[in-house]
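*Asks:* Okay, here's the structure, questions in a sec.
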């Protein structure tokens, strides 16, 4: 490129801008025969005599950046991949809120209440559950949750991951509405319902990873996945106080019904608004679809090789055990 003008030598921001421009220019122009994630985005122009005018590396980079940000001629709007990320984040928010319901409601379910009769007697709790029983009810969700982690990954790799994700949260929300009735029958029935909830919710994380296999361009994968998984932490932040407000204002049963209804409504929305691949989505822009499919194809992400699962290599891999220990 041109040498750095002497007038800009004293200006640190200008020097940084120049260095960044030169870096990306050299990066994109390196290896003319080499395939990169942006080679397809040349948008070459043709002169009157038919000669082709290729854009400079900097122009190619700028066009790539516009495409990545989802900009269009009429202005900026949220792209389909980011709408799926936000919607899946909302699903995780509801899912983790469901887990908070029992922990909050059980306080009112098992506490002594003051009777407003003439002598202000202390009334017995509605459910005379021991601390051991409460511990079993609380932990039973994770008995099922533990079991379906690996099978969930297998299912997400063989079937439409978006459908598995939506059905899992919708089913858990539906089961949540049975918990108040189960509590009045026997705590063992409550444990059964919560085990079933854990079983179906155990596939949500693997399924969400399966969604981004087709929807996340390589340079945006961590950002999109983070947006999705942030909903799980937000779910605990929102779920605890909201469950408490509902329990105090409408009774302990209300948090189960409200979260159950929200989860089922979300599941219906997700079923009609999400798609397994960009090619299946009728509402995605042609520009975004080409961008996602091309970047995935050129990075080799969507290439799935048939073969046996290398279990021996997994079980003898030190990095695998390092991750497990961590």
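Every residue, even glycine, has its Cβ placed from backbone N, Cα and C.
So TrEMBL lists these for the protein:
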type	residues	note
DOMAIN	83-326	domain 'Major facilitator superfamily (MFS) profile'
TRANSMEM	84-109	transmembrane segment
TRANSMEM	129-148	transmembrane segment
TRANSMEM	160-179	transmembrane segment
TRANSMEM	191-212	transmembrane segment
TRANSMEM	224-244	transmembrane segment
TRANSMEM	256-273	transmembrane segment
*Asks:* At a threshold of under 8 Å on Cβ distances, which of 84-109, 129-148, 191-212, 224-244, 256-273 pairs most often with the transmembrane segment (160-179)?
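*Replies:* Most Cβ pairs under 8 Å with the transmembrane segment (160-179) come from 256-273.
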*Asks:* Can you check how the pLDDT averages out over the domain 'Major facilitator superfamily (MFS) profile' (83-326)?
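*Replies:* That region's mean pLDDT is 88.
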